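The next block holds one structure in the form of structure tokens; read it before the comments.
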2 protein chains.
Amino acid sequence: MSNNFAAIADRLKFNEQGLIPAIAQQHDSGEVLMMAWMNRDAVIETLSTGRVCYFSRSRGKLWRKGESSGQEQHLVDFRYDCDQDTVLVQVDQKGVACHTGRRNCFYLAVRDGAETIIAEPEVSVETLYGAKH
Amino acid sequence: MSNNFAAIADRLKFNEQGLIPAIAQQHDSGEVLMMAWMNRDAVIETLSTGRVCYFSRSRGKLWRKGESSGQEQHLVDFRYDCDQDTVLVQVDQKGVACHTGRRNCFYLAVRDGAETIIAEPEVSVETLYGAKH
């Protein structure tokens, strides 16, 4: 099966940094949770383990979603688009997806021409990451 | 109002090519339709006109979604994420979003380790773009 997953990774078009954008969507509600990036290893690990893994551009390494916060994403369906240059992972999100404690990252919206916060945190950052953060 | 939209564009973090990824989602069903890119002008035009406009990387110019195919996207809500580096446009998609004639672009999925087509075209490419394509 891991050979098969390598073949899937071969189908994807990674950019000049070796990355592909990945949209995470809650599988049942349709809520768009976040967008992050995967490299080839992250794609294969996600498909192999059923736990969504990204590549952290800031830390320069694989980012197993939830490894610090416990807010894991369990893979329900792995899809990609007509150009094979964007991934859509349909997931079951454990807890909240956003590092601010909000359910999803898209809580800034334009209302009457102005930036407006449309969702509040459901969990404190201290609860998510512990006192050291 | 256009000054306000410029202020929104100022809040967004465009990459080194001056682009930001934009996810289009059907506002009522939650279906993720496509992912494309916007530059600063595309953001301002989308907010000003209520018709979604992207930047075509292949053609190097603004791409008013539906200008050739008639499959316009009417803006319902313009959102962006905690890092201000990804846009989520909730839209009302007229017809199909994908240039293959499918409702959305994410019709390739991994099933039993293999690439599987999970949706068929609803409209022919000839109907969308005319005989010349």
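Placed from the backbone N, Cα and C atoms, the Cβ positions cover glycine too.
As recorded in TrEMBL:
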type: DOMAIN; residues: A:34-107; note: domain 'Phosphoribosyl-AMP cyclohydrolase'
type: BINDING; residues: A:ASP81, A:ASP83, A:ASP85; note: Mg(2+) binding site
type: BINDING; residues: A:CYS82, A:CYS98, A:CYS105; note: Zn(2+) binding site
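With a cut-off of 8 Å between CB atoms and residues at least 6 apart in sequence, the same chain places A:LEU12, A:LYS13, A:ASN15, A:ILE20, A:PRO21 near A:ASP85 (Mg(2+) binding site), listed in sequence order. A:CYS98 (Zn(2+) binding site) and A:ASP81 (Mg(2+) binding site) are 24 Å apart (CA-CA, integer value). Neighbour density at the Cβ, taken as the number of other Cβ atoms within 10 Å, is lowest among the binding-site residues A:CYS82, A:CYS98, A:CYS105 for A:CYS82. Within 10 Å of the C-beta atom of A:ASP83 (Mg(2+) binding site) sit 14 other C-beta atoms, taking all shown protein chains into account. Here the Cα atom of A:ASP83 (Mg(2+) binding site) is found 28 Å from that of A:CYS98 (Zn(2+) binding site). Computed over the domain 'Phosphoribosyl-AMP cyclohydrolase' (A:34-107), the whole-number mean pLDDT of the model equals 97. Cβ-based neighbour count (10 Å, all protein chains) for A:ASP81 (Mg(2+) binding site) stands at 23.
Remark: secondary structure over the domain 'Phosphoribosyl-AMP cyclohydrolase' (A:34-107) totals 10 helix, 29 strand, 35 coil, with classes taken from DSSP.
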